[in-house]
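Quick notes on the structure that follows.
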């Protein structure tokens, strides 16, 4: 593995980087007081930006807060991504949103002007399907009980995995159903997979609970992600992690695997599927605790953008749990002008 | 306060009782190896049982697992309770089930042959209403947002407290509703109260979340109880505590008060409302971690019955967290024959 350090005009690293090829490189930019969280380096000049981009083969982008905010595109982001494609760089979009399949997501990307194919998109629903198929060798004669939405069902179907639940169980529970065995065990269920579900109800919780407890140890317990909240259209609502908390509490057991950011499962799956060289890959995100932590987990380079949830105070916190290697105002600022 | 010890034929106490008048009394029955959990004393002879009953003015009964199992009455239980009434003893029924009001519950008690009036019944829905009215002086111009069922709404109405949510919000959320402000803040909400809700849905979670987070510190957060599971008709389903876990996780905050067993709030409310003398009151239950722990919290006498969830192994565990003062096979065995 070659060093990727470009010594001028600034060395594009900060002290204490987790990246192995940089681990002995002292910081030249920013200040350091010897604390455990080195400061993030600001990509500020055209030369720095150009050098940074040249060092990478692959860019992994978080979506909301990085490429768009709700339905509003971040200024200059589509143009920068088209520049990357023109330079032969690989683009991967990573999202914890499990409500839509990759195929459905392509529509959103194209509508907002971003280059996209299903294979560029790595959603937590796809990650869960990939994990079931390739890591667990999920048996063809078993079914996955899905607490979640169509995106998960579609991704499982693409992998040839049978799913039940989801939309079929959207009807609220009737009182008599407690007593007539509707919610009883089902030997054909081999996994319970929970994702975001705006149609969550007691029927789904009771079924998932029954499958996980009736056939102890034999039913895999998976979740697409654990985001505590779900920001949408300028509001914040309970996220997948909150819906998951109810199921965890009732079965008194953590999921066997959580597939979304910042889990190691998702990173391993991405690295394996795309055969990436971490030393030439950069994770671009707006959240330190998920996106940037996720990039560091895979020993990738990390770039924080300030168009999402992270404040200047959090970015500059010397004692914060996670620091990005680089930061820039927005993805649009990366354009070569 | 007089000693209630009757020295023959057995002293009806076990070592280490939390009851103040017994704290220095050594155990005469059972074995003790000096561990922190003294063994429970078995009420086995007619004389012991008679002496035990004579020492009490008030019996507080847990219901499911003690008086009935689902729809099946525990043999001899109604007859024993009628004996108690004939002797002038006070009977209080305590239940964490918040789905029915006390008035509705009376029907179930009478149908199964138990003596009952609404004032005998102390449900967690009533406890929550009592707490809002008498402990929090809940303002008349504010409303309680209820994630729960009719029992809570009825008990709040009896106290003159306005409730919204519950059955009115049973319809699943439509996708467009995320975006049109249906789930926005509401200044008229002064408390969020969560109880068992077989019609739980995302609309209710999102509203409760919004009220608790939009008006921070000004909206009380209450729950009727925290039972992890809900046993019904021979099956087990997720309980109130599991539904609550989702809300706790999303708002990142514990409730200000949980009203049901084994919380100190419910015990204080019972002691205050009925002016009980703990030294002449016995809590009768089938669960060590809720019923018996609850009785000990109020420094009441405690009697474990073996008709519910507690196994012989748990009853006899020397290292268990809670030991009942007495145990007997069933409430029916307390009858004077």
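Any Cβ shown, glycine's included, is placed from N, Cα and C.
Note: TrEMBL annotation is automatic and uncurated.
Per TrEMBL, active site, nucleophile is recorded for A:62. Residues annotated as active site, proton donor in TrEMBL: A:64. For A:62, A:64, A:286, the entry in TrEMBL reads Mg(2+) binding site. According to TrEMBL, the feature substrate binding site maps to A:261. The compositional bias 'Polar residues' annotation in TrEMBL covers A:14-26, A:34-43. What TrEMBL lists as region 'Disordered' is A:1-46.
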DSSP three-state assignment (helix, strand or coil) for residue A:62 (active site, nucleophile): strand
For the Mg(2+) site built from A:62, A:64, A:286, further residues of that chain with CB within 8 A of the site's CB center: A:63, A:65, A:66, A:67, A:285, A:287, A:291, A:305, A:308, A:309
Spatially closest candidate among A:62, A:64, A:286, the listed recorded positions, to the residue listed as 'substrate binding site' (Cα to Cα): A:62
Pairwise CA distance, residue A:286 (Mg(2+) binding site) versus residue A:62 (active site, nucleophile), rounded so that it is a whole Å: 7
Least surrounded among the recorded positions, given as A:62, A:64, A:286, when other CB atoms within 10 Å are counted: A:64
Number of other Cβ atoms within 10 Å of the Cβ of the residue listed as 'substrate binding site' across all protein chains: 29
